[in-house]
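Annotated features, as they stand in TrEMBL:
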{"type": "DOMAIN", "residues": "97-210", "note": "domain 'Phosphatidic acid phosphatase type 2/haloperoxidase'"}
{"type": "TRANSMEM", "residues": "12-31", "note": "transmembrane segment"}
{"type": "TRANSMEM", "residues": "66-86", "note": "transmembrane segment"}
{"type": "TRANSMEM", "residues": "98-117", "note": "transmembrane segment"}
{"type": "TRANSMEM", "residues": "137-160", "note": "transmembrane segment"}
{"type": "TRANSMEM", "residues": "167-189", "note": "transmembrane segment"}
{"type": "TRANSMEM", "residues": "195-215", "note": "transmembrane segment"}
Amino acid sequence: MTPDRSLRRIAVPIAGAIVLVAGTLGVIGLADAATESDGLAAFDPALTANAVSRRTPALTAVARTLTFIGSTPVLVILTLAAALLLWRWTSSLRGPAVLILAMIGSSTLTYVLKTLVGRKRPDVTVVLGPVEDTFAFPSGHTLNTTVFFITLAALVWGRLRSLRNKILIAVFAVTLSIGVGFSRVYLGYHWATDVLAGWTVALTWLSIVLSVAYLTAPSGDAAPPPDRP
């Protein structure tokens, strides 16, 4: 094991623990604010009204596309397809297993937190699309989309040599994660703090998934094969 890798094996769990603690405290704070309608949640009605006032046909089309990408059926298909492609690319089940387990955990967290917090969604009069009857906090679309794309980007990142490709995959993952979150407020399905909680829970869960994945990776994973077109 090289000195650099030894240092990373110390730094990664420390960084993961910091994100885990900060994220957990953040989620607790947001849940309390959502329940009491104070703190950051006090700004939710104004932010929703602002989003509604800025609707245009073009923005609505983009928002609906992003929300469609973050829907459960689409994410299930994307997860299975990505897992298959990872297996064919790497000839290993490790990457697919990490991705699938990350998504199972993400979906479980979504259900548990929605049930525990029990927050109502914005009024149906502001919703652009079919009305959803599940609880609002956290935004499941935001949480699950963020976990999927960031996990996939992390798994692919380590096997890319080109810095340009690494930057592109990272920007793509972050942009979609943010875009889906904003689409949920724009379309009236969630309060802004629901989306913020979705991102926070996702990053908290990712701190565990990616730290464990890195620490348990075979040493051979440190030497990625050339990029494929």
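Quick reminder: no glycine exception, Cβ is built from N, Cα and C everywhere.
Below 8 angstroms of C-beta separation, residues 8-9, 12-13, 15-17, 19-20, 23-24, 26-27, 30-31, 34, 40, 98, 101-102, 105-106, 109-110, 113, 137-144, 146-147, 150-151, 154-155, 177, 181-182, 184-185 of the same chain, each at least six residues beyond the ends of the transmembrane segment (195-215), sit close to that stretch. Only residues 6 or more beyond the boundaries of the transmembrane segment (66-86), in the same chain, are considered here, and those with a CB under 8 A from a CB of the stretch are 95-96, 99-100, 103, 107, 129, 140-142, 144-145, 148, 152, 155-156, 176, 179-180, 182-184, 187, 189. When DSSP labels each residue, the domain 'Phosphatidic acid phosphatase type 2/haloperoxidase' (97-210) comes out as 85 helix, 0 strand, 29 coil, counted as helix, strand and coil in that order.
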